[in-house]
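What follows is a short report on a single structure.
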C-alpha cells in the first residue's frame, strides 16, 4: 500500500466520519475535503484546478438547473392541483389513497426534483387521510419511498443519477442517456409499489389516529387552560411582558380575551385588567404557582383547536419541519427571529417519538424536528420558499401561478425531449429551460437564486474531486480488489448484490450523492477485477444510492414525513428493510436480464 493510497483513504475515512456525525454541516465538510485534497496534492494527485473542478462539472450545473426547473413547476401549483384531484378520486378508500400517494410522486419524480414534490404532497396526503378517516402514518412513508423509486426512471430523476452519469463518462467513456435505465427503473418502481400496497398497511403502525386534531397529536390538552384576572389581582395595570419575566415561569399566553374581543401576538405590551380571560400554555403545577403568586383564577374549560384558532384576525395551527442543512439547526428559537417576524407562537416540538412541552423556546433545534405553531393566516406568504423550514398541514391558499402551468410544463417537456433526441446535452437543455422559465415569467429573477439548494451544490462540488482522488491514487483499485474477494465464494451476480447492499447501507448514514461518488470507482474496479460488466456494477451502485429506506436521516424526504407521520425510527426499518431487500433482488436480476453481468 503506497503513501498516496494511505493519504486518500485517510481523507476518505475523515469524510465519512464527518458526514455521519454532522458535527460540521455536510456542505462545509465537502468544501474542507476539497481544500485538503489540493493541499495534499503531491500524494492525492489532485491539482488546485482539479480540486475546484466540481463547481464547473456538468453534473453540478445540471443539478442546479433542474432544481430551478422543479421550483418553477412547483410555483405554478400543477402538482398541487393534480394531487387534490387524485385525492378526490381516492375518497375514503385506504387502498385508493395509498395508490394515489404512490403513483403521483412515483411518476413525477422521474422528471422533477422529489424534494419539492414531497413537500407539496405531505399536506395534501395528510388532509386526504383525515377526510377519509385513514391514519396519515399509513401513507406518508410510502409517499417518501415512492418519490425515491420514481427518481430511478430517468437520468434527471435525482442528482445521484446525474453524478453517476458523469462518473460513467469518466470511467466508461459515455454518460447515461435520458432513458438509459427507464425499463429497469419502471420495474423497480412497480415492484416497490406492489410491495407497499400489499404489505405496507400491515407493517406500518397507526401512530396518528385519523380523527386526531393537532392538539391531540401533540398531547397539548394537559398544557392548555383558561385563567381569569380577578378583582384585586396583583397583576392589574401591569404589562404581560413584565409579569411573565418577573415570574420566571415556563408560561405562554396565547390569547387575551377582553369584552368578547380576542387579542393575540404581540401581547407583551398589553396591561392586565379585571375580568380578562387568558388562554395559556403551561404545566398544571406551573399554573397553580402563577395563580397563587398573582391572584388569577383557574376556569373550568375544555379547549379545542377551534378555541385556539378563532379570533378577529384569522389564525391557524400549522406544523413546521426543520430539514437537514437548515441554519436553524443547533439554535433555540429564543435566538431566532423567525417566530417574532411572523407573530407566531411555538406550542410544542415533536422530536422523533417524543413531544417536548417544557421551556421549548430554549431547546436547540435538530434536523427532523416538527414544530407546532400558532400563526396569523397569510404570514407565510413571503417565507414559504425558505430552505430553513418547511410549512406543512396549512389550509391557507398558496399564491400559485396557475396561468403559467402550460408554459412550465411545456418547458420541462422540451428539456426532456431535447436531451433525449440528442439535440443538446442535458446540461445545456436544462440551462435553456432555466432561461425560458425567467423569460416567460414562470419564475421571477430573485426566485431563480432562491430555488437553488446551495448546500447540495457545495456538497457536490466538494465531493467530486474526492472520487477523482480515489481513482488516481489507486485507492479505488485497492478497495475494489477487497470487494472482489467475495467472488471466491460467490458468482458475479452475488458480488453485484453484495455491492448493492453495501451501497444502500452506506447511503443510510451519509448523503446519497457522497455515497455514489465514493463507491462508483470501487464498483468499476471490482467489475474489472472479476471480469464482469462494469456498466452493470455502476448501475447497481446508482440505484442502491437512491434506496435510502431504512433511516429517516438517509434522505431529505424521509425527514419531511418523520414528524407529520408521528413515526419512530423503527417504523422506517419495519417497512424499509424488506423493501430494501425486494428492490435489491429486483434491481440485480433486472440488470442481469437486460445488460448481463
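Our numbering is plain: 1 for the first residue shown, then up by one each step along the chain.
Every residue, even glycine, has its Cβ placed from backbone N, Cα and C.
Residues 59, 62-63, 66, 97-98, 101-103, 105-111, 113-114, 117-118, 121-122, 125-126, 128-129, 175-182, 184-186, 188-189, 192-193, 196, 200, 204, 416, 419, 426, 430, 456, 460, 464, 512-513, 516-517, 520, 538, 541-543, 545-549, 555, 557-558, 560-561, 564-565, 567, 571-572, 575-576, 579, 583 of the same chain lie 6 or more positions beyond the ends of the transmembrane segment (139-164) yet place their CB under 8 Å from a CB of it. Residues annotated as transmembrane segment in TrEMBL: 139-164 (among others).
The annotation transmembrane segment is assigned in TrEMBL to 184-204 (among others).
For 212-296 (among others), the entry in TrEMBL reads domain 'RCK C-terminal'.
Per TrEMBL, domain 'RCK C-terminal' is recorded for 305-389 (among others).
The transmembrane segment annotation in TrEMBL covers 407-440 (among others).
Feature annotation from TrEMBL assigns transmembrane segment to 452-470 (among others). Here the transmembrane segment (452-470) has Cβ contacts under 8 Å with residues 8, 11-12, 15, 25-34, 37-38, 44-46, 50-55, 57, 59-60, 63-64, 67-68, 115, 159, 163, 166-167, 170, 325, 387, 476, 479, 511, 513-514, 517-518, 520-522 of the same chain, all six or more residues outside its ends.
Long-range contacts of the transmembrane segment (482-502) within its own chain (CB-CB distance under 8 A, at least 6 residues past either end) are made by residues 519, 522-523, 525-526, 529-532, 536-537, 540-541, 543-544, 584-585, 587-588, 591-592, 597. What TrEMBL lists as transmembrane segment is 482-502 (among others).
What TrEMBL records for 535-555 (among others) is transmembrane segment.
Residues or ranges marked as transmembrane segment by TrEMBL: 575-595 (among others). Under 8 Å from some Cβ of the transmembrane segment (575-595) lie the Cβ atoms of residues 141-142, 145, 149, 183-184, 187-188, 191-192, 195-196, 199-200, 203-204, 493, 496-497, 500-501, 504, 533, 535-536, 539-540, 543-544, 547, 549-551, all in the same chain and six or more residues away from its ends.
The DSSP breakdown of the domain 'RCK C-terminal' (212-296), given as helix, strand and coil counts, is 26 helix, 26 strand, 33 coil.
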